[in-house]
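What follows is one structure encoded as structure tokens, with my remarks underneath.
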Amino acid sequence: MGRLTFWFLVGLTLLAVSTHHDVYASSDGPTESECRPYIEKALNELKTGEEREELAPSPDTTGGSKIIINENADGDGKNEDELMQGDQPSTDSRKRSPKAVDTDGDGIPNEEDGDIDGDVIPNEEDEDLDGDGILNIHDPDLDGDVPNHRDEDIDGDGVPNVDDEDIDGDGVDNKQDHDLDGDGVPNYEDNDLDGDGVLNVHDEDIDGDGVDNRKDHDIDGDGVPNEADQDEDGDGMPNEEEPESFDIDGDGIPNDEDNDIDGDVVPNELDEDMDGDGIPNRHDRDIDGDGVPNVHDEDGHEPADVQPGAVPTESEEETSEKVEEEQVEKETTDKVTKKVEEEEEVVKRSRRSVETHPDMDGDGIPDHEDEDVDGDGVPNHIDDDVDGDGVPNHMDDDIDGDGVLNEHDEDRDGDGLPNAQDDSDGEADDKKHGKEMKTKEDAKEPEVEEEDEEEEEDEEDTKPEDELLWASFKNKEGEIPEHRRSRDHITELLQLGEDSFARENAFDTVANVILRDIKRIYENAIKPLETLYKYRDLSNRHFGDPEIFSKPLVLFMGPWSGGKSTIINYLTDNEYTAHSLRSGAEPSPAYFNILMWGNDTEILEGTQLAADYTFSGLQKFGQGLEDRLRGLKLPNKLLEKASTNFYNETLFFNTAFLKVNIVEIPGILEVRKQVARLFPFNDACQWFIDRADIIFLVYDPTKLDVGPETEAILDQLKGREYQTRIVLNKADIVKPEELLRVQSALIWNISPLMSSAQPPLIYTTSLWSHPYQEGSPARLLLAQERAFLRDLRTAVDRRIENKIASARRFAVRVRNHAKMVDCYLNTYFNHKTLFSNKKRVADNIIENPQNYHIYEGLSTLTNISRYDLPDPEVYRDFFRLNPLYEFKKLSETCSYFRGCPLNKLDVAIAYDLPDLAGKYKKMAEAALAKAESSAGKHKISKS
């Protein structure tokens, strides 16, 4: 029935064409409106196998209505053919009437005018072709007659787009044009390459050259044939690097679901060159073009993964037979249905020709009714980048992304209200004006909503306790401020812009050299005595490759609810997102939060972090600590910190180690009763303190007391006072006249507990995006915030000096330990007789070192401060694990060929390590000058 109906309809179509051939000139052919109903009916029956009794009007996806058979099917007395012919542009360039538009009124039609707007600038050099005040790259109607996505001649030169070798009229041939449609978006980023209003994934002619992709030997129109094109669909990603979810032939079907990967109309099972790379399957080491060699490609469930010479299974044979039958049937009907395919193309073009309601995120809700235009999950009225183009609203010349510059746009924010009626106060205008707006949830079916709610409830039921994440904008207690403070000064002061990359890379190349020198000094001068006297059994303060090559670390610590998490969210632009660190008034003393850079947002558990090279040293604190570690990867510039590869003619810089880690220590509970923790809290804090480049102690003006945990932490900061800063956060809640008293009280409480005679540097500010409280000293708070950011930037810049200082501190500790063990040994040998019990003599010395004046004697003989030596209790534990009489005296460690390890260590402490700081400074200055010179030459050559 289906095939008989099909042949009948084909004959009917040919009869209609023949009839019109008698009425009209033979060159004109049947009109679009006359053929379309038959085409649609035939296509529908071919797809469904059912015969439609009549062609009733149905709404079109573009906002119009489809053509129906009878001339006046809707009873309005008007001929529908005439209506559609008025609405739809003709697709036949031969019968199209010349454009009657003459923009500059010089009597020359635009398509013949070399200067359309009469500004004496030739069209191909004119940045505003039609002189409407909107630059071409933002102009939705380039030549001033019809919107670009409906215009068959975008640049108005009289040559249809399909025949035009320069579609956008910029004087650059399409094959060499990096922006084919002249919309300001590079081809590799453009979702609609030819600017016809049809997205690439749905466009059957991506480059707009009038040749269907399946027959086009150059799909993306870049002048490189498909078989030689490393990026066949022009999306900026090489074919072999495209993952399964991408699409080599650009037909909108992912490779792993596509039965014809390379778009050559030959099914994968019958294609001798499946991925279209010009290499036959039998010689191709990667048949399906997924970037995985055949010998390692185990993804056999994909249709693309077919090994050459493999024996097909029964199901595969049935599939192959079915495909062959379909291929034969297709070849049989190809010639007969050629006209139908041509008319189908007409329908396709007519559907793409009109787009009355733009929908940027493709969610089915027009932009002017969509509360989230760019589909990023952030409502428009709180979105800093409404159109999702990467340019903040306050810097964006076209806020709503409609192609009309703000100064010419009657509705700048695209909310459907003219500027005169829009208060632009950040609140949703639909609520103020009583206008019901559609949301993405409203567009869903009720059943789908119920399923989603059930899934969310299931997830909440099975979700483990997690104090790391808090979706702030969904939390009933947290409110997003209407007018958030600008973050521009953060980007400026932390030098996170693109222009700072060359400077960063110049320093980091030299840093690699210095880090290798530190490792060499450690291996040759420090490690021998560290191993010989088992320093790692004495202290948790280790030094090795993880410490030498670790990323810069910024540490935040302090009492609970001081605002540490809020500060980190603010610095990383992670406020009010689904991945914000949890913040609130309640104590959160459970977790160590670690933020690091990642290409995508990812949550890491403690076991994953402990397995990481940088944090592998935390494993010694046991499973209790691993259960309290939480990691969060974010694609943030501060965490990335210029972590890119920079290449020029003479240098290649690899700065991957430069990524910054930010760590938040659990909130300290200031109570006199010690809190029971399941891991050695102070030892874990010490581990992070020893590796930090800068340490911030964060306090709340309402909680300035000092408890036992803070006392222990401050004691651990001994020797690191120069890297410690105090932050009096939330200062805007304090009255200006009280602020100085609060700051003085904080310094009074902390200073006695720090060994430094100089009080620590303190910043009094409020670090979050909320506007300052009314009446607060805003200028003072902002100035303090800027000083805080500069200090943070300086600390990260001094990361190499910090590494050198850490290596020297560790060397001094190892030397002091070796001399202490030697002092115990000398005392032991002085009191041991021939018949003495060596264990009893050693234990007596270890238990009562004060009776033998060991500490006093060592300080006198070596000039080592008593405060730089561990307590006697520490050595009691050490010698219980390592018997005293099993060690060698320092004098016995020297040899004729290797010399004395102690002398090498003294030289490293006094000369080698300090010299590295000077070496780094000189090399960095030279590398920076060379980079600036190279950058200057590059600019000159470009100009």
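Keep in mind that glycine also has a Cβ here, set from the backbone N, Cα and C atoms.
Residues annotated as signal peptide in TrEMBL: 1-25.
Positions annotated as region 'Disordered' by TrEMBL: 45-483.
Taken from TrEMBL, the feature compositional bias 'Basic and acidic residues' covers 92-102 (among others).
Residue counts for the compositional bias 'Acidic residues' (103-131) under DSSP (helix as H, G, I; strand as E, B; rest coil) come to 6 helix, 0 strand, 23 coil. Among the features that TrEMBL reports, compositional bias 'Acidic residues' is placed at 103-131 (among others).
Annotation source TrEMBL lists compositional bias 'Basic and acidic residues' at 138-152 (among others).
Long-range contacts of the compositional bias 'Acidic residues' (162-171) within its own chain (CB-CB distance under 8 A, at least 6 residues past either end) are made by residues 93, 123-125, 129, 136, 142-143, 152-156, 177, 179-182, 194-195, 208-210. If you look up TrEMBL, you'll see 162-171 (among others) marked as compositional bias 'Acidic residues'.
Annotation source TrEMBL lists compositional bias 'Basic and acidic residues' at 172-181 (among others). Counting residues 6+ beyond its ends, the compositional bias 'Basic and acidic residues' (172-181) has Cβ neighbours under 8 Å at 137, 148, 154, 164-166, 187, 190, 192-195, 207-209, 221-223 in the same chain.
Feature annotation from TrEMBL assigns compositional bias 'Basic and acidic residues' to 211-220 (among others).
The feature compositional bias 'Acidic residues' is assigned by TrEMBL to 228-276 (among others).
Annotation comment: TrEMBL describes 295-304 (among others) as compositional bias 'Basic and acidic residues'.
Sequence annotations record features per position, and here TrEMBL assigns compositional bias 'Acidic residues' to 314-328 (among others).
Look at TrEMBL and you will find 329-360 (among others) tagged as compositional bias 'Basic and acidic residues'.
The annotation compositional bias 'Acidic residues' is assigned in TrEMBL to 361-375 (among others).
Annotation source TrEMBL lists compositional bias 'Basic and acidic residues' at 405-415 (among others).
The compositional bias 'Basic and acidic residues' annotation in TrEMBL covers 429-446 (among others).
Look at TrEMBL and you will find 447-468 (among others) tagged as compositional bias 'Acidic residues'.
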For the compositional bias 'Basic and acidic residues' (172-181), residues assigned helix / strand / coil by DSSP: 3 helix, 0 strand, 7 coil
Averaged pLDDT score, the domain 'EH' (518-549): 91
